Every structure is written in C-alpha cells, then in structure tokens.
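Colleague: Mind having a look at this structure? Questions to follow.
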Amino acid sequence: MLRAPEGMQEYQRMAAHFGRDLVQLQHELHRMKVATKEKDYPAEVPQAPDFLVSLRSHTVWEKTPVKLFCTVSGKPNPIVKWYRNNVAIEPLSAPGKYKIENKYGVHSLIISRYNLTHPQFTVRPLIVSSFHFKLHFHKGVLIPLLSSIHPSKLEVTLLESFGVTFGTEGESVSLVANMVVVPDLPNLPPEVMWYRDDTLLMPSRWAEMSIGGGVAKLTLPHLNKDDEGLYTLRIWTKDGTAEHSAYLFVKDATPTVAGAPGAPMDVAVFDVNADYVLVSWKPPNTTHEAPITGYFVDRRKSGTTDWVQCNDSPVKVCKLPVHGLTEGASYHFRVRAVNKDGISLPSRIVYICRCYVKRIIFWAPPSPRGRAPVWYLIEKVCDSHIWQRVNTAVQLRSPRYPVYDMEDKKSYRFRVITVNKYGSSEPSEPTAAIQKVDPCGVPSAPRQVIASRNTKTSAFVQWEPPKHANNLMGYYVDASLVGSKKWFPCNHRPYKFVVHGLVPGDTYVFRVQAVNAYGLSEESQESAPLFIDAALSTPSAPYDISLLNCNGSSMTLAWKRPKNTGGSKITSYYLDKREAESVEWKEVSPSPAVHRTFTVENLTTGVFYEFKIQAANLAGVGLPSEPSKAFACEAWTMAEPGPAYDISFWEVRDTSVLVQWKPPVYAGAGPITGYFVDMAKKGSSDFVAVNAEPVGHCYLKVSGLETGASYVFRVRAVNAKGVGKASDVSDPVCAKALPGTKEIVCGVDEETGDIFLNFEACDVSETSKFTWSKSYKEITESSRVSITSSGRHSKLTFVNAEKEDLGIYSVAVTDTDGVSSSYSVNEEGQRLKMLDLSYNIKHPIVPLKTELNYEILEKGHVRFWVQAKKLSSSVNYRFIVNDKAITSAEGYKISHDVSTGIIQMTIEHFTKANEGTYTIQIHDGKAKSQSSLVLVGDAFKAALKEAEFQRKEHIRKQGPHFSEYLSFHVTDDCTVMLVCKLANVKKETRFTWFKDDEEITVDVPPNPMSGSCSLPIPMFSRKDQGIYKAVLGDDRGKDTSVFEISGKVFEDIINAIASIAGSSASDLVLQCTPEGIRLQCYMKYYTEEMKTKKMRIGGTSEMAWMQICEPTDKEKGHYTIEIHDGKKSHTRTFDLSGQGKWKLDFHLHILCDLAPLQSLSLTCTVCGDPSPEVTWFKNEQEVVSDDRFKITFEGGKFASLTINNVHVEDSGKYSINVRNKYGGEFVEITVSVYKQGGDIPEPKLGQMAKPIVTPKPATPAPQSAKTPTPPTPTPSVKSPTPTPPPSVKSPTPAPAPAPKSPTPPRSMRSPTPPRSMRSPTPTKK
C-alpha cells in the first residue's frame, strides 16, 4: 500500500517506537545463527509454539496507523492467526484497514486507521503437525470487519498517486493514480472504488471515473464545495486491497459582488409530499465577509429554464418548507446566501424525482370528503382565544404541515378546517397544548483550541466541543499568519480535519467556529502560535560509515547525517563496535560524539572491526545504522593522501551545483596540493573528471548540467606523490532548483548607508540557522561584518567596506534540503558603485530639480530661486552674496514653499552694486546641498538691462499704453492695415497717426476706447514706404509705437499681397490691341513690386499683361505667368498654338478727349475669314443704329460705333461681339462721361480707394504734392510677417453681373485703363 508523503511521515513517527523492537529481534536472531553455525544438531525435535516477544499495549491518535509486533517460535514453524473478539481476521474481509506480514519469524499487524470503538484482539499460533498445542494471548485494539469478502487474482502496486489538492469552485480537477497490474489484462481491469469521507462515490454528472492502461482517474468536471473532503482510492488486489487517500480542498469562487458570501452547500431535500418539500443546507464559512443575514431558495421545474424564488424575504434558518408544488412533477432546487454586501453564487443544484403523498398522516382526512377535491386550512391559538390562520397563502392538500416561527416558552393549540369549492367544514377538535422544545440559536463557541505539528505543510488542530451544541453540524477552522491579522478559511465544509496547504517555516494561529442550521457560532479563542514543521520524532539511522585513517591502534570514522532528522536538531551520535567474527556489540565511548567524525581508540592491530551508529535528538535515540563494512585495524603507510569525506551539495540550480567536501584526515607523505572532482549520472559507473587541473580549495561549482538529471560525485586528493584514494560516492543530487529559490541581494541601507547582503530563504525549519561564509569558509567572529537573522531573512552587513572585503560570500540554511546561495563581490567597479551609494546615504544631500537660477519680474525685480525635489517643514537655508549672508530686509524678500520645494530671494531694486556671486546653502535634517550662480560681466549687463527695461515697462503701463505694438496685416481686398492694441485708456486719451513725423488725417477719427486702432493703406506700392508712428497719451502719460515699412517688412507686405492676389488670379486671356495681341491676367490687385515671372512686362491695378506686337507664327506656343508670395507660386497658362483656328485681331481706340455735347467714336479693327458679323451692346442691350448711335462696318475690317452729342447718361459698359462659323470674340469697355471742368477724386491715407474709371476729364487734375524726404528713422518695433488673410473681395471696381450674352461671354476689360488714383501720401498740415 502506497502512502502519501504526509501519511508516510506520520507512519514513520508512530512506527519509530515499535521498529526498534523489530531490529533488536533481528540482531538477536543473527547472533544466534552465528553462535550456532558451526555446531551440529541432531534431527529436529518438535517444539510447542511459544511467544518470544509478546504484544504490548499502545496509545495512539484516532485514525492514525498502528503497527503491532510479536515473535513466535515452534517446531515446525507455527501458523499465526490474528483474532478480534475470538473471530479470525481475514485480510480480504477488511480491505485497506490492515495488513499482515511475517518476516524472519517476526509477525506484524498494520492497522491503517484506528477507531475508539475497536475492541480487543487475539493472536493464536497454531502448530501444523501431529502435535496440537494452542496458546492464547489477548491485548490491543482492532478495527471492525467488513460485511463481505471480495477476492481478486490480480497483483496491483500503486506507483504515483494524487496528493493534497486545492481547487476553486467551477474548475475541473482530476485525481490520478498510476499502478502496475500483474497480469495486465485489457478486458479485466482491477476493481476500483472511490470514496469521499468514507462514502462510496458512483459515476454521475459531478464525478467521472475511469480505469485502464495502468491509470485510475477520478475527474470532478465542475467543482463545488460539496466536493471537498478526504478522497480514498481502494483497489482490490491478490493480498487484499491497495489504498491511497488525500484531501481535496475547494475554495469559494469569486463572487459577482465584492464582499458577498460564499455559496451554501450540502443542499438536501426531504419530507417530500404531494404539494411541498423541506429543503435544508449548510451555511458557508465566512472570515472577512460580513455576517450572513439569510438565504433565498430557488426552484425550477424539470424541463424548464426559469428559476422561481420560493421565499420573498431571506430565511435565517438553514431549512425552508417549499409549498405550491405540483403533484407528480420533478423539481430542481438551489440556495443563495445573503449579507449586507450582496447575494452569493447559487449552491449546487439538487434534484428530486416526483412529489408524492407519503403515508405519514398528521390528521385524518374528513369522511365523507364531498364531491370535489379538498384542501386544508390550519389555525393556531396562543395565549389569547383568537384563532389565527397559519397557511394564508398556500392551499394545503396534504394532511400534514410543518409549522415554524413558534416562540420559545409559549404553548400553542392547532385545528384544521377542510375546504372545497362548495364551502368549508367545521373546525376539527383543537390539539393539546404544544410547546417548542427544540433548542434554537447558534451553538456556543468551541473551547481550548490546540494546534500541533503534523507534516511540513500541515498542522493538526484539536478543540473541545461547545458547551451548547444545539444540533451541531460541524466546525469551520480558520488560520492566520502571526502578525498579519488576516484570517483565511482552512475548510469550506463543516467537519474536522488536518489543516493542509500551510507554508513551511511560517508561524500560524488557529480559531474554530461551530456550525448548525442557525448559522455560525462566535469565534473561539486563538490557539497558541505554531511553527509549521514536521512533527517531532526520533531521527532515522545514519548511513555510509567510512574509514578516514588508521594508525594501528585507532580508527577515524565518518558517516552521513540521517535523511530524516525527526523535526529536531541532532544533538549526538552513539557508536557501537564489534569484531567481525563476534555478535556482541560494545559501546565505543560513554560520551556520545557531537560531530560526524570520531576516532575509536584502543583497538587491536590486525583485527577486523564493524561499527554501527545511532543519532539522537530531542525526541530520543533513533534507529541504528546498518553495520559498516569490516575495517582492518592496520596502520596506513601509503604516500598518497587518504579519501576526502562529507561531500555535500549547495546552491543547487537547474544547470549547476556547488560541491563541497572536507579534506582527508590522512595527508600521506606530503601536504595536499589540490583535488580532482569526478561525476557520473545516477546509476552509471562511468565517472568523468570535472576539472582538468586540481583545485586548491575544498569546493567546486559544476556547471553545464542537464536540468532534472541526477548526478553522483566523488573527490580525489592530490599531493606530491600522486592522486590518493577516491572518496565514497556521494548521494545523488538532482539538478533542479528548489521551488521559490531566491538569490542573495546586495544593497545599501537607506538609513545608515551600510552595504549589506540580504538573503530570504524559501524554506526553514524551527531549528534552522543561517551560516554565512567567505570563500566558503564559515564566518564565525569578524570585525569586518555583522550578521542578523530573523525568520526567513538573514543579513550580512559590512562594518566599513574596504578592498579586503572582496570575495565570494555564501549563505546556507541548516536543517533544510540544501537552501543556499552565493554572491560575488569581486568586481572593483561594483564595489566602487556601492561605496558611492553608501557615501551618499551617510553624507546625504538635498536633491535639486534645478540649480540656482534667476529671472526678471515685471517691475524690474530680480528673483533668484532654486527648486529641490523634496523639502521638509524643518528645512533651513541661507543666501550668500559676495561672501555676505543676506536676510529678509528692505529691498530683499526671502521665502520657501515646502509643497513645491522652491526657495527664492527677490531683489526689488537691481543695480550695478548687485554684480557678483550668489550662493544658497540648504540644510534639511542630515541632508545638505549648495548651489551657486556667478552673475558678472556680460551676463550681469544683460540682466541689468532687462531689469531696467521691465522697470520702465511697469512705469509705462501705469498710464495709457500699447498692449500690442504696431503690426500689419493684409485684408481680403489687398488693403494693408497697420493695427495696434491699447490698454489702460479713458475717454480723454488721445490717439494720433504719423508718417515720417507728419500727422496723418483720417476720415474716421480713431477711438481708443475700443481697445484697438488701425490705419488702412490701399493700393500699397513702393511709395508707401516710410516710418509710421502711433502716439497715445493723456494726463497720466504718453506712449509711442513706431513701425518702419522698408526692407524686409516691405517685402513681407508685398508677399502677403501677392498671396491674396495670386489666389484670386483669373485664367490668362487674349486681348487684341492696335499693335498686336496682349495676354492678360486679372486679379484683385496688382503692382509692379509683386514678384512675377515670364510675363513681368506691364499691368494695371487690376491686371498683369504682356504685349506681343505684330504677332507671327513664331510667337505660337504656351505662355505662363507665375506670381510668387515668398512661400509658393501661383501659375496661370495660355496656349497660343493656333492649330486650325481663325485669326481675329481687334483694336479699341478712343479718338479724342470727351466732354458733354461732343461725339465719341468707338472703332475696332476686325480680321476674320469668312468676314464676321458685328453686333454692338450697351449695358448688355443691343445698340440699334439711329440718329445718335451710328454703326458702320467698312470693308469687312473696320467696325465703328459713333455717339453724337455725348451726355453723362451715355456712360456705361459698351461691348462688341464678332462671330463667324469658326467662333466669336467679345470685347467690352467702360465709358465714363464727366461734366467739363469737374475734378476726378483720388484716394488718400485713411480711406479706401473709390472705383473711378477713365476716360479722363478735359481739365487735368492737379498734381499731388511731392512727398518730402523723411528724416533718419528712429528705432521701431517691427512686427513679424503675418499670414495674409484669405482673399474675398477686390479693391478695384468690378463690373456688375449681367445676363448671359447670346455670344460666348468674355470677362475681358479695357486693355489699358489709365490710373486715376494718386499715391497715398499724407497731406501737409
């Protein structure tokens, strides 16, 4: 039978006391055999059976294994039978409960689980011969027999089986056991049974079982807390049964609402009747959740998917009668717990087949019953004489009914009324007075909780039952890590058990709650703290005794530590010796050995000796080792060294291991100079040398191992005479790091600045100690380091780290499975880094975000400031200027802000005397910091200049001032606007424009109260260059803004105009002139200063043009105009290829200057083949020839329109349309007639340009005044080139839209309209 690790340790602990007797018996038999092996005995003489060693009484824990021993003699060998209450025990009658063994005459009975109810048993040895003797002996305890015997012919051996398993609700878990079956018949697998808490499990939707291929598996596809418990696999074998058990723990699933309780469990339905059932359940465990306030029960009819809540309000007791069921129907039930935070997940669904009437009747149905189905009404009465209805909302059809909500210490009487559709009967006779006698309420708290060790990951918890049990269902156990104050549940079903899943090396306390149908009791008092480790027991036997040296009269021995120390430190070893030919063991020394080497004195030369050793701990003396080999007591004289010993393994990782050993006791003819280490895989004898050259120390780190593979090692010492004898082969070591292994961490203490090495062990025991070493030599006492250890942590601190502290530091944890680690402090750079960090902590500084800096404030004040990353409220600091400490006084303001870490000093009046070096010294606790700023020379002059400027600016802003100085922008109609913004103005504030120091008169006076003023410059050109000035003032002061338009500023304005004009440029059009043809491009505004390419020949304010005189075929081709605005170019193209087109040349000629009552002749030369038709229009209306308008077309070439007696009313837009079969052309011109002697107005600065169209009046307009040469300009504030606004409207007059002409319309204008606008220079005052 295979046991789990926990069970095996428990078995060893319990069997340790009994195994010693068995060993003694075996050695006594050996002594008898040796003593009598040379004697001749006559034929065997019959001998009656006799007990050489009788049974003895035992005191054991309930449900723990027990092993009983006895030794029987007799000739011939007796047959031993075990009895219980004079009934013979057969192994197959109680499978898994016990096992009977017989080895060398020692008979044993192994009881797997002891029960307090087991009676006494008997052992009877029977002689099988002609002699018949019986001897009876009664003592001990035994478990009861099973009711039947199940024989089997298969031999089954369990190999690997499931251990303690943890799961969560909703998950799937499989419990798997591997086995060897002989014979392995595919059609005849072993008979396997699965149990949960000794209850046989059957295959269902909640449990799936399989057996085959040497594997037995139990799968729980959807875990629920109902599945928690002790699972047992029992397999029938030839010798009885093979059995394995382990716990399965199920945690609550994550609730849908935080803080909601876990789901109830063990939902059961009983007392099934025709129209109601009684549902019961067990409450969940709660540790940190709020107390449960009640439960909801839901039902679902089979074949449907809708759940119906059975109770409107939560019920506080763990049972509920459910009414309103349909007779013969099947139902499913589930339960949900409720607390103040929410509702739990539902419990596992329970199913009942059908509701039928039970034959339990609490009252007799009426007779006769009437002609219709009946139901019953129940009434009760208490102290008063008023009857109250009990089942108000339920039609009760069963002659029974459970009554709840009865108060304590009150008597009730009941009566029943029968009802059908025809009416109700008379009430029955009342019952006798009935008083509630069932105890109610939760049980009292359990008492005297005691926790004791069980295994390295579990504890055994015991307690006294509560004083008031009140129908106790079981207990919940909670645990808490000492110091954490956080409790976690150990079980989720209320029963007793061993607490599993604890962390070895931690200390826990436990508490217990009792559970019944009313809920959970108060928590018990906490148990005493328990350190988690295996239960104390005597150690196992030492092994591998080896000889290290012999001088002819003494031998030095060494041995290996017991594999199981019994949970306590081994304190001593007891040695026995004997001569090889003797059976008598003698004590080597009255004083036990403390270490695992010992020199045995007073031996006889030439005699062979055997030795055995026993280890002792706090629990007692353990089992003796196997006798050693026979060692000859002969002096060693070989020149080579003796064997090394005590090979141990540390720092075991996935691909490496550190091998350590102790040097030989016998050095040979000379000192030992090194060691060779050999290794081989487990099970192999092919050793290979790990190191090609001998190592001079007693350790070696072996790398390059195969992860998960096991290796064995041996060591050979070397001296000048050669290689000595190899050590004994080590125990196998697996190249696999322990789970949770951590390495040493090097750091610097943030408080003291000391450099330290810190290690956290993944496993410790109560007796564990941390052993630190340098170069793998234990550090015992040292002034260089200090060592502190607590719990799982150990720290080695360097007192004053120096170069001599370089080396490899390692730590090992005793009484563990090799928990260890190392750290190399050999790199000089790493040491310096740690020293620097240590120095910074020992001599802390205040970390600064910024060094000392300065800034100029608006009043000309200068602020010196520094910002620290963090400041405390107790910070101290001082400013030093030119070696003189500064304090807050007149002219200086010093302050700090802890939240931002800013320390500042403000000098209100910054002068030349403030030139020099500025320093701030900060003290914050132990930390210090200093920052300096040198402000001399050009840096100081710049700061002083800026301070004076800001001081003047502050004074300027006390009166009316410019908040934004003059700048320009170009409007959509290409008008240049000079703009500025004002502040601190009032009604009396005056605003004046100047150009070149001459005041500019504008049509609309500026309004300073609006906050801004602007000066428009229409039709901008080079003549508008100059120095513009805006003056703002009142009784509080005056402010001036100067803007010079020249150079780069002028180019920026032209580019801004070009951007808008280029975006508005029309396609190139062809215009006929008397000299030839002209390509024209119309745009919102054009000036010769605009950058154009390929057509920069001429133009007007509305267009750019290129004249081609006397065009010939060589002028054919593509013509392009490009307008550049400084960032991009705007391109327009015209094709003059002339492929297959007819030629049309036309010219418009004004014959004379006009005045009223004169004549006007409009003449156009037309060329076309065939000769075109000519039509004249005025304002889009066709002109008909009459007395005033005479139309002529001479020679098919000259077309004329003559207007006699011209009047002002003849002004308008005139056009000519010529067409033939190849197409047509449309030319228009605007004619303006003015009264003779009238002036034609021109635009001025401050007003937009007015649309004025030629012809010129008879009297020429006066010439504009010459612009005076401006004086040398003063420095002005220049504006960066603004982005020109998008173009919307042209500044020049555009013709009004007209209806479409019957000929293809053209938007061509007069080819060369003369300018009639003067330069926008200011008028002289």
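Just so you know, glycine gets a Cβ as well, placed from its N, Cα and C.
According to TrEMBL, the protein carries these features:
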COMPBIAS  1281-1305  compositional bias 'Pro residues'
COMPBIAS  1306-1325  compositional bias 'Low complexity'
DOMAIN    49-86  domain 'Ig-like'
DOMAIN    263-360  domain 'Fibronectin type-III'
DOMAIN    445-535  domain 'Fibronectin type-III'
DOMAIN    541-635  domain 'Fibronectin type-III'
DOMAIN    643-740  domain 'Fibronectin type-III'
DOMAIN    744-826  domain 'Ig-like'
DOMAIN    960-1046  domain 'Ig-like'
DOMAIN    1158-1232  domain 'Ig-like'
REGION    1238-1325  region 'Disordered'
Colleague: At a Cβ cut-off of 8 Å, and with pairs 6 or more apart in sequence only, do we get at least 3 pairs between the domain 'Fibronectin type-III' (541-635) and the domain 'Ig-like' (960-1046), yes or no?
Modeller: no
Colleague: According to DSSP, how is the domain 'Fibronectin type-III' (541-635) divided among helix, strand and coil residues?
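Modeller: Counting residues per DSSP class in the domain 'Fibronectin type-III' (541-635), I get 0 helix, 46 strand, 49 coil.
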Colleague: Between the domain 'Fibronectin type-III' (445-535) and the stretches 263-360, 744-826, 960-1046, 1158-1232, work out which stretch tops the count of Cβ pairs under 8 Å.
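Modeller: Top-ranked stretch among 263-360, 744-826, 960-1046, 1158-1232: 263-360.
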Colleague: Would you mind giving the whole-number mean pLDDT across the domain 'Ig-like' (49-86)?
Modeller: 74
Colleague: So how many of the residues in the domain 'Fibronectin type-III' (643-740) end up helix, strand or coil by DSSP?
Modeller: 0 helix, 46 strand, 52 coil
Colleague: What counts of helix, strand and coil residues does DSSP assign across the domain 'Ig-like' (744-826)?
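Modeller: Across the domain 'Ig-like' (744-826), DSSP assigns the residues as follows: 3 helix, 40 strand, 40 coil.
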